[in-house]
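See structure below.
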Amino acid sequence: MSFMNPVDMVDEDAADLQFPKVALLHIFTTLNCLFAVEPLGPQVKRFIHAHQNEHTRNSMVLYNPHTLHRYLEEMEEKTRDQNSSVPSATKDANRCATCRCSLTEPYIKCSECLDTLLCLQCFSRGKEAFSHRNNHAYIIVRDNIQVFADEPHWTARDERILLKTLRTHGYGNWEAVSQALDQRHEPAEVRRHYHDCYFGGIFERLLNLKHARDSYVPERMPYVFKMRSLDPPRHDDIASMQFRLSAGYRCARGDFDTPYDTSAESLLSIMVDHRGRDDDNEASESEFEREVTEELQLGLVRAYNNRLRERQRRYKIMRQHGLIMPNRTVSWISKYVHAFGSDASCMRFLGFMQICPDPIKFDMLLESLRYYRELHSQLHKLYDLREHGVRTLSGAKLYARLSKERQQAQRDYSRLKQTDAFDWQQLVQHYESNRSGDPGPLAINSKLYVMNTRRKASPIEIGGGKHFTHCLTPTEYNFSLIPDLPGYSKLDDGERKLCSVARLVPQSYLDYKNQLVTEQAKLGYLRLADARRLIKIDVNKTRQIYDFLLEHGHISRPPSYG
């Protein structure tokens, strides 16, 4: 059917075009805006088109036959490509998963989601889509790389343009390929490159490819250990220390030599033994007795199944949370001990992992608790700074540095005060005149004894500029505990000073206090000997704790003390 002459379009003529009706309607609805700017020459004709529905309307359109013919050929090729055998799932294959823009190299491909593509802008902003997370491993897809080792001047972009141009222009049109490559390669070079790298199936042999997926995505191994690993697989060596530490775990079958609740099978053994005796007395039993016996046996089976389910539930928890390896488990637990204040509190909290099936969420919960603990300690440091009039972080650094210098100066002053009264010249003259080792004067010996005595342990102080402490008075220290110690926030000022002087951890002091107060509630009084019997620490520290609690009314002496 020719479009060079004016024709009146009817239903039969539209059917002869062999276009889909949707595409045909799209063509005719865009003719007005497309050809409105075309100059009207001597071949301008009239054209009438009809909509194929109950609201059919006729309109007069002016068109250029040459332009219309060219546009219809383009639409025919476009429609043929849309109706080709390309699956519908691949229509969005080259679009960004978040902003839906068309992708051009370079772009990002997720190596875990496999079908998620991102543009560089969305990737740099850390955007997520569907199951894709911004912490997944990724692959940079770019086409400015060299594909063939022997062709250093041909990039992947040039290879794609070459194949696409040959598909549209046909084999042998090397000039068109050279023009598509912006004359970067001569037609003879293009012909030589195609014959050397693509012709006759040599492409896969040059690149040593077996599957297109293997060039981007590594093969996934559905095993616990990698098949290509140089380390030997785990084996169940009964004599090894690792086997004993893992409670006899058999990795091949995923079970233990000594399973949990080893007496569960004894229920079935009791039933089997009883069943053997019942076979001998089966004739003498009544129907009621047989029903009762059967119900008892069913009850034993149900109890056995319940114990098996409990065993498998514990195995599942161990497998999900990775509790098989004892060394890793202990190191993992010790990582969060500080967040709970004590080992006992941490171990009690770990029992809640059985109600949290997702181990990642349980780890996130522990991390949040640890972060809460760190934030709590930081707030106490800021409270202490605010009490001393410090309002800025720069002032806090200056305060910590000056406080540390003041502590050191106070220690130096105390040490100097002990040695000022000693006459070094008198000591030197005595030893030079008396080399036989005779005892010196009483005053000199007493001073030497004072200098050589063991110094008392200094209180727990803040050092290194990392923590903050109170200002020191000229006569004594205003002691302060490290706020990071467990139980620090539960102490008042007097208890903090006691723990600092006695060098006690706040949580340990609270435990000792609870023991003594509990014993006081039982007996109505508390002796110092009873306190030393309950608290197995230094007797001097026990005396300090006892006197402190007695002074503040937490405990009382027996009536015989007067």
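In case you wondered, yes, glycine gets a Cβ from its N, Cα and C as well.
The zinc finger annotation in Swiss-Prot falls on one of the ranges 91-146, 483-538, namely 91-146. Across the fold, the C-alpha of His132 (Zn(2+) 2 binding site) and the C-alpha of Cys99 (Zn(2+) 1 binding site) stand 14 Å from each other. Broken down with DSSP, the domain 'SWIRM' (471-562) shows 54 helix, 0 strand, 38 coil. Residues of the same chain lying 6 or more positions beyond the ends of the domain 'SANT' (154-198) and with a Cβ under 8 Å from any Cβ of it are 105, 142-148, 206. Counting neighbouring Cβ atoms within 10 Å of each of the binding-site residues (Cys96, Cys113), the lowest count belongs to Cys113. Same-chain residues at least 6 positions away in sequence with a Cβ under 8 Å from that of Cys119 (Zn(2+) 1 binding site) are, in sequence order, Cys96, Cys99, Cys101, Leu103, Tyr107, Ile108. His132 (Zn(2+) 2 binding site) falls within a strand segment according to DSSP.
In this structure, the C-alpha atom of Cys122 (Zn(2+) 1 binding site) lies 16 angstrom from that of Cys113 (Zn(2+) 2 binding site). Of all the binding-site residues listed here (Cys99, Cys110, Cys122), the one with the fewest other CB atoms within 10 A of its own CB is Cys99.
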